[in-house]
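Marked as compositional bias 'Pro residues' by TrEMBL: 9-19. What TrEMBL lists as domain 'Transglutaminase-like' is 322-415. Feature annotation from TrEMBL assigns active site to 330, 389, 412. TrEMBL lists 452, 454, 501, 506 with the feature Ca(2+) binding site.
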């Protein structure tokens, strides 16, 4: 007999896998939460009791000689399902869309006499009632959860079409072909070549992740290269990122992430649950997830976050070692999370919010505490403003929310605050954020504060009382960017998160948020009659430069300002490092006049204290002697790094080698040591690294 034999009814219970604890009395069977474990079905199941000579042979009935999965990249399945780019020898298809397989029998198929079914199983304990065992029949009198039809029949070969359900489980399946005889059922033996992957389908109208925009689908599902924005809102920098969602091993690594989280197999067809679970698993904070976060600047035991160029190395390393990869910061979390989502078929993109509030109090205020001299009290200032923060948006329907709140959803893997006991965030509806519906799940209030908080400056007296100094209502969420679809330019999507500052709609949204318990400062302190402005600067690392402060007296009387100027090296998270500048000039300003105060900044003062993504933050405060009012202004200077140049020589032809030259010129007056160069190209070159001592 050939490689055949089983039942299109319910399969027998397989032997349970090793248990992670005694569940006796709590669950009827073992937990089914691993996509790497499969049940082994018997090749023969008899309907009758054995006779004196045993069971009758089944060789005289229909037998299966071959199962052709039609899995080559040039065949219809992968082409029509947009999966030809996956570097996998297995069949990869998308749910809610028909795919085909060819079956070769030992004789011509007779529809009126022969009965067979194609069976799909996923997980270690497949059950029909849970959607982990799906038999597909090809007769009108017996249909199943997945539609099946015979497309063509020629001699001993038939071609069948199978359409997985619109909400079926996403993951790796085993396929069997079962033939029914009067005495029993026999099925094909387990064969790794018949393992297949079923993904979410943004091309199918009935799928929860359907995205009705071909350009967006090409960008947010199929594009392997992306741009992640960072820097400052008025000096935006770009970081290329190789998502590599089609690279060899990445799909298995993404499924391994879900296995590590012990997410039940039956929940893996719901993109809301998958995205939320993965949000927790991208960080290692509480569940041994993919990446270890570190903002200290000391990366001796791992890879510096700025050294990563893509997701492939990270995901493959995690799947092989089963231990978290070191180290990550927000854009690394977002880049790897984007790979995960796109790989499984959920449309996604990386988003950068410039001046992003991390509001520890859960209100709509980012509190900055100054001492009586106008200097920031770092011991009492708990909230922080990140120069930028990266998260992800994924596209899906939200049947758990009122109509209209589906579409783009925010998910954030950077561990900031816990949600339901784990470090994760989202999915939160972008539409809900814009309209102030902060009670909608999940974590809408936290995201709303990231883009809508007010920056409130207080002056703290020696007796502990606080005076309101200034309220900046436009600083937070200054700009939200993502990559434009089909182009290498950026796309400003701020208007998808908030209404324009000062409009009636914006006030209505903030009032709605207050109804849900968010606290805001409604009062404004009396305006001082002296204005203070700081210039916008574009500075490269190692430059000396001049800070030009302008004090403008709008009153008709002379004003004396006792100023305090501080310059600090600052992490992109808003946390200050070394203070390299501290001056306390006194500025005299005539009536309705302006005075400029020039401050020379020498590179030697800040260079030895620079941290990764070196930023300089200047805070200037002043107390007007005649009125007692306090004025304050801040300016972030994002230092530009030296440039790399990449040149390709030779003819760009398929299957022919090319030479890539990377050039870097040291712009400093001192030698650089331990310079690491990492480079990769999707579909062209796997990640490579070279060190120059």
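Cβ from N, Cα, C; glycine included.
Automated prediction, rather than curation, is the source of TrEMBL annotations.
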With residue 452 (Ca(2+) binding site) as the reference Cα, tell me which of the active-site residues 330, 389, 412 is the closest one.
-> 389
Pairwise Cα distance for residue 330 (active site)/residue 389 (active site) [Å, integer] = 6
Inside 8 A of the center formed by the CB atoms of 452, 454, 501, 506, which other residues of the chain have their CB, for the recorded Ca(2+) site?
-> 473, 474, 476, 477, 498, 510
In whole Å, note down how far the CA of residue 412 (active site) lies from the CA of residue 454 (Ca(2+) binding site).
-> 22
Quick one: of 412, 454, 501, 506, which of the recorded positions has the smallest count of other CB atoms within 10 A?
-> 501
Residue 412 (active site) to residue 389 (active site): how many Å between their Cα atoms?
-> 10
What are the helix, strand and coil residue counts for the domain 'Transglutaminase-like' (322-415) according to DSSP?
-> 15 helix, 41 strand, 38 coil
Pairwise CA distance, residue 501 (Ca(2+) binding site) versus residue 389 (active site), rounded so that it is a whole Å | 20
On average, residues of the domain 'Transglutaminase-like' (322-415) score a pLDDT of 90
